Amino acid sequence: VFPCVFQVILIFCWVYVRKYQSRRESEVVSTITAIFALAVALITSALLPVDIFLVSYMKNQNGTFKVWADANVSRQIEDTVLYGYYSLYSIILFCVFLWIPFVYFYYEEKEEDDGNTCSQVKTALKYTLGFITICAVLLLIGAFVPLDIPNKKNSTEWEKVKLLFEEFGSSHGLTALSFSISSLTVIGMLAAITYTAYGMSALPLNLIKGTTSASYERLENTEDIEEVEQHLLRIKSKCRDGRPLSSRDRRTLQQLEERLRTLRRRERHLESIEKSWWTKFCEAIRPLKIVWGVFFIIVALLFTVSLFLSNLDKALHSAGFDSGFIILGTNLTNPLNMLLPVLQRVFPLDYILITTIVMYFIFTSMAGIRNMGIWFFWIRLYKIRRGKTRPQALLFLCMILLLIVLHTSYMIYSLAPQYVMYGSQKYMVQWGVTVASYNQLGNIFRSLLDVSVLFPFNLDQCIVTRTYLFLHKFWFFSAAYYFGNWAFIAVFLIGLVVSCCKGKKSVIEGEVDDDDSDMSDDELSVYYH
């Protein structure tokens, strides 16, 4: 199964990169780097459902461990999952701090200087050294950062959390890697707030509203061309008797000529799209797109409501900022925490749902980056356009996705905290002379005992996912994620309002710009034909 999954991921990454890559500026090394980085992002995101499945699979439905799942076997499985996380996260560190920056600066230098390859490599290494230095600093800080903080009086929640941290181990090397990854996760949180939150609102509404008709846009474009040509003739008529044009007329003439070139490029693009088989196919599946759009907006609203209730639960019932707003159990249930226990009765519906959520999070991130482009504060660096994206832009896109994937696990934990901690495990509780089986995700046991009361007893009977322990190794990062969730909700709601107010997108949205060359038309014709 796993080799087939890897093959599907690689094929998807190759198709995605080739779809947006500029045919005129494509480079072998940058293409391979983009495909590899995108594949690593998708494989890493798929590790969370595997982690949840393994801890759930070791127990029977009656709450007892399976015969083969003794202490040694369960520890080996936990360690294997943990090593899988560290291996993939180490590859992400390598890509973010070494490989992607080196390839990026190499091609930046290649565009500015067509000299020998050796000088380009030296310059790229010089700039990449700065990223390596940042990585080294993060590793050093992580190796010596104190995990323990002074406990407040009566802070029982934090004392319970410390029991989990002790189980996670005290290796300084792994702690250094965890700190570096957590630092990148904070950057990924900022990227998710910027791109994913907007993509979750823009993608469904764009599917529902659709695009304008190519023939209608072409008719409007023809009228604009005629209007600009008439304006040009009026200005040029002023100098027929040999009189020079004023500086204002010359500027207007230059602007109109540039406008006319852009409109003629739009005419050629619209003609290509109107005749393409892909446009006819999209028109045929228009009802299906509307259905998918409605489904995606329902999922997005489910995400937002679950995230809001989970954050509200932390605000009301956690031990506060000093514990990273960690809670052990749910006091305010949310739709996902209610849905997953129901689905787990029919294997493997709950794992399908959690995998779908992870993939939806990744694809909405891609949609957000594609719609917004790549920005550095208020400066737009690159645009993501079909068949016309520069190699540097693709490298930036893959780096952003790598960072967002790091934050995905915490987002899923925020949506369904109990499920991410324990999966579908059940445990045995002896109350007096009665022994009963209770579900970690259900609410049945709350009529008898509170989760916090059962927690110390619970540790011996249930296995916590490696994802949860990894996410909460540093309390201050958990606190940052908590505030990031509120920002994510706010940006999603703002993006939803903006997307609702905007009209239909142009059928060639972002495909034609004033700074495009006429050679870009050849790339479009190659893409559509």
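Including glycine, each Cβ sits where the backbone N, Cα and C put it.
Residues annotated as transmembrane segment in TrEMBL: 28-48, 86-107, 127-147, 174-198, 290-309, 351-381, 393-413, 474-498. Summarising the annotation, TrEMBL assigns coiled coil to 246-273.
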Exercise. For the coiled coil (246-273), what is the mean per-residue pLDDT, to the nearest integer?
Worked result: 83
Exercise. So which of 28-48, 86-107, 290-309, 351-381, 474-498 is most in touch with the transmembrane segment (393-413), counting Cβ pairs under 8 Å?
Worked result: 28-48
Problem set entry | Stretch-level contact, the transmembrane segment (474-498) and the transmembrane segment (174-198), CB cutoff 8 A, at least 3 pairs | yes
For this session: Counting only CB pairs under 8 A, let me know which of 86-107, 174-198, 290-309 has the most with the transmembrane segment (351-381).
Result: 174-198
